[in-house]
Structure formats: C-alpha cells, structure tokens
Amino acid sequence: MYKLVLIRHGESTWNKENRFTGWVDVDLTEQGNREARQAGQLLKEAGYTFDIAYTSVLKRAIRTLWHVQDQMDLMYVPVVHSWRLNERHYGALSGLNKAETAAKYGDEQVLVWRRSYDTPPPALEPGDERAPYADPRYAKVPREQLPLTECLKDTVARVLPLWNESIAPAVKAGKQVLIAAHGNSLRALIKYLDGISDADIVGLNIPNGVPLVYELDESLTPIRHYYLGDQEAIAKAQAAVAQQGKSAA
C-alpha cells in the first residue's frame, strides 16, 4: 500500500476577501500561515515523513509547503515547483468578489463558473495585465499552453501529465510524496484518482490547510482517504468553501 498526502494552501488574502484568485500571486493571511504550521504539526505528530514534495509556482502554496517542512524539520526535502499545479485560471473573473459577482450574474451562473466541469469563465484579453505571457515564472512554458481562462476539465488536462510523468512514478518507487497545491488543481487530481463523475465533482469542496491522506493500492487506485485533524471543524470549513460563490441576498 502507498500513501499520498495532499494539502490545499492556507487561507490567502483573497480567500479572506472572497475574491476569485486563480493565477494571481497573492500571499497567505496570518490565519493561513497558522493553518499551514498546524498542518505540519499534525503530520509530524501522526508520524508522517516525506522524501519529495510537489507544489505550484504561486507563493500561497509554496509558503504553505515551507511551513509544513519547517514544522516537520524537513526543509532539506527536494521540492518540484510546477505551473501544472497552479490554481485553475479564472479568466476575466480574476480579482472579482465572489458574492458581488453572484449578485450581478446570479448564484446559478457563478456556481457553473466555479464548480462545473467544462464551462470556463469569460477569458482574459491577451493584452490584459493579468495574462501570464510576460510573467517570468512561465518563460519556459510554450505560449499556447498558457491559459486565459480554464474550466476544471482544462485543469485536469494540465495536471495529469505531471501526475503520470513524475508524481505517480515517485509514489510507485516507494517515495513518501506530499503535494501542496490549490483547491482546483487538487480537485482535478482527486477527480482522476477517485473516478468522480463530471456531475458529482461540483459537490467536492477542499478546506484550506488540512492534510488529506490517500491510501493507494499497487495500481494507485484509492483504497480510502481521510483528513487529519478535528473532523467537525473540517466539515464546517468545507461548508464555508461551498458558500463562497453565493450572493448575500
């Protein structure tokens, strides 16, 4: 049996402000830093260790990983940074308040943009300052692979090559693997691992800063999965994530 640990970054400044973030490189709040440290403590207390870690190229995930490594005294563990683990690109919604957007377009439309499998938000214009083309962290990524908007289906398509070519082989080689990433890049991976349908993926909500453990068989098919920590608090955090895209009315 193999184990794989996933963690969504701690609360970011735009999580706190209930804004669509996507590829915008915002940092953690103090609460987010605290969540990440607590995640590291939980993992250490539960006896976990890691041989390699994967994260995105966005600081909220990177800093979360730093905190986890620090708490576990694993700062030496090699880290793979990949744009393929970035959050889903929210296109023209990037930076907008989720509740205000829902009040303008309706809860149903915003739910479709946030959680449907194959409907992306409106795209950025190529010349928009939020477009990734001029960002040095993507200098080696072919321009045609860089998105101006994404649905979850698109996110799955960019996450899976990293899983198939690097993460899965590491797990099968017996390495203890940690992935510190984002709500939708993790939803994309979980959809693939658990075989969740396009319709049912809408209901999957991942809380910030809580370690999610997957136990996998020899073919990397999930046997079971579970969150570490206070289960009641985790359930409340998942419910809060589900409420983010609804209007205040």
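Positions of Cβ are set from backbone N, Cα and C atoms, glycine also.
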Site-mate of ARG8, HIS9, ASN15, THR21, GLY22, ARG60, GLU87, TYR90, ARG114, ARG115, HIS182, GLY183, ASN184 for (2R)-2,3-bisphosphoglycerate in Swiss-Prot, selected among LYS98, LYS175: LYS98
Candidates ARG8, ASN15, LYS98, ARG115, HIS182, GLY183, namely the recorded positions, that fall within 10 Å of TYR90 ((2R)-3-phosphoglycerate binding site) by Cα distance: none
Nearest of the recorded positions (THR21, ARG114, HIS182) to GLU87 ((2R)-2,3-bisphosphoglycerate binding site) - Cα to Cα: HIS182
Residues satisfying Cβ distance under 8 Å from HIS9 (active site, tele-phosphohistidine intermediate), sequence separation of at least 6: LEU28, GLY32, ALA36, ARG60, ALA61, ARG63, THR64, ALA180, ALA181, HIS182, ASN208, GLY209
Secondary structure of GLU87 ((2R)-2,3-bisphosphoglycerate binding site) (DSSP, helix/strand/coil): coil
Coarse DSSP state, helix versus strand versus coil, of ARG8 ((2R)-2,3-bisphosphoglycerate binding site): strand
